[in-house]
Amino acid sequence: MVVKVYGPIQAACPQRVLACLFEFGVDFELITVDLDSNEHKQPDFLQKQPFGQVPVVEDGEFRLFESRAIIRYYATKYGDKNRNLYGTTLEEKALVDQWLEVEAHHFNDMVYTIVLQKLVIPKMGGRTDFDLVHNCEKKLEQVFDIYEQRLSKNNYLAGNWFTLADLSHLPGIRYLMNECELGHLVRDRKKVNLWWDDISNRPAWKKVMQMFNGQG
Amino acid sequence: MATPPVKVYGPPLSTAVSRVLVCLLEKDVPFQLVPVNMAKMEHKKPDYVKMQPFGQVPAFQDDDITLFESRAICRYLAEKYPNKGTAGLFGTNPLVKASIDQWLEAESQSFNPPSSVLTFQLFFAPLMKLKQDEALIKQNEAKLEKVLDVYENRLGSSRYLAGDEFTLADLSHLPNTQFLVEKTDKAELFTSRKNVGRWWSEISTRPAWKKVVEMQNA
């Protein structure tokens with residue numbers, strides 16, 4: 001049975017899930033949800049995801065939302081295929097969870113605000129709050145300084161293997177490097193730069209990008 | 001008596017610290033609470049930042065591991081001690097665990113942001129003699145109402161958020177809700193919703209949480 005993933009390929013959270021499914025070679029079907037026409041706020045969709053957000057995943061009778069819960073589930077389910085993605089010991093797993101929380105709170109909040117202000121609001125006819133964008137950028141500088149320190153001691157955030165914690169950053173950093181024009185946050189930092197080049201060249205992420213560019 | 005290997009750094013009044021404390025108490029895991037004087041910026045000093053690079057509380061140590069981020073610490077404790085204290089905090093099979101993770105993420109992404117702003121604006125700001133932002137309060141109250149509407153619906157068909165047992169997903173809501181219900185005029189957000197009110201009444205009267213509140217009021 002093929003896993004159904006509901007959400008547009010352009011959105012960060014569905015991309016997070018797809019990257020994970022590709023890492024484990026899990027067959028899926030992407031069912032687009034049109035955010036522009038508010039499809040995610042319609043009763044049919046709210047039945048699946050009561051907060052009216054993407055993605056939601058249907059795996060047979062089982063339904064799950066929140067992208068970081070979804071990737072934890074599949075990394076556990078297919079742990080045999082790639083043990084390192086969610087750690088092989090209790091302590092390793094705790095570090096993956098820790099850096100996943102860092103991405104969810106310290107990193108994501110800032111990126112989300114920047115994307116909302118620079119891309120979504122103008123598209124809806126509103127005005128960007130550039131002060132807010134600037135503040136978020138400053139906070140991200142601090143976050144990336146911490147990442148630079150961390151990555152000077154380890155190849156990846158949670159240790160010396162690529163894990164869900166690194167994967168979780170892929171969609172957000174892609175936005176920063178492209179539409180948000182804040183690539184310097186990554187390029188100015190030696191270790192962060194190396195790390196980004198490494199994780200963004202993984203075959204699984206490249207497959208997500210192929211879909212994003214309309215080729216998959 | 002031997003010193004417990006588990007150390008939690010930070011004041012019990014901090015919502016994130018109290019999240020870890022209630023988990024330790026639910027799991028019956030002995031611990032040492034190490035004070036961090038935030039008024040004196042101890043959490044920004046090099047010794048502390050070595051443990052928690054973002055300079056926030058809590059930091060956590062157990063045997064050889066140092067951890068931060070309260071929800072990661074809770075997951076670690078629930079996994080390390082599945083059969084100690086309250087069992088089922090993190091589920092007994094992968095599907096239940098996924099449901100718990102889902103609602104834990106919902107707490108972290110949807111409930112926490114507006115409830116944290118309200119907690120800060122309505123409880124901590126007056127305490128710290130800071131000016132309140134009325135527009136921000138109104139905006140976040142509206143956001144929280146929408147989240148609680150989702151919870152009201154969910155808790156109409158499920159005793160707790162992830163299912164029929166108390167889990168990390170419910171536990172994670174205790175700190176912010178305690179402040180909003182007991183220390184601000186926003187209790188009604190919770191108590192006016194029948195199912196949310198019932199759920200709050202059940203989870204907040206658990207002995208472990210009552211002990212944490214005692215520690216906060218000490």
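One is the number of the first residue shown, and numbering goes on along the chain from there.
Glycine too: its Cβ is placed from the backbone N, Cα and C atoms.
All annotation found in TrEMBL is predicted automatically rather than curated by experts.
Now, the feature entries from TrEMBL:
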type	residues	note
DOMAIN	A:1-82	domain 'GST N-terminal'
DOMAIN	A:89-216	domain 'GST C-terminal'
If you run through the domain 'GST N-terminal' (A:1-82) with DSSP, how many residues end up as helix, strand and coil?
35 helix, 16 strand, 31 coil
Going by DSSP assignments with H, G and I as helix and E and B as strand, what are the residue counts for the domain 'GST C-terminal' (A:89-216)?
95 helix, 2 strand, 31 coil
Overall pLDDT of the domain 'GST N-terminal' (A:1-82), taken as the mean:
96
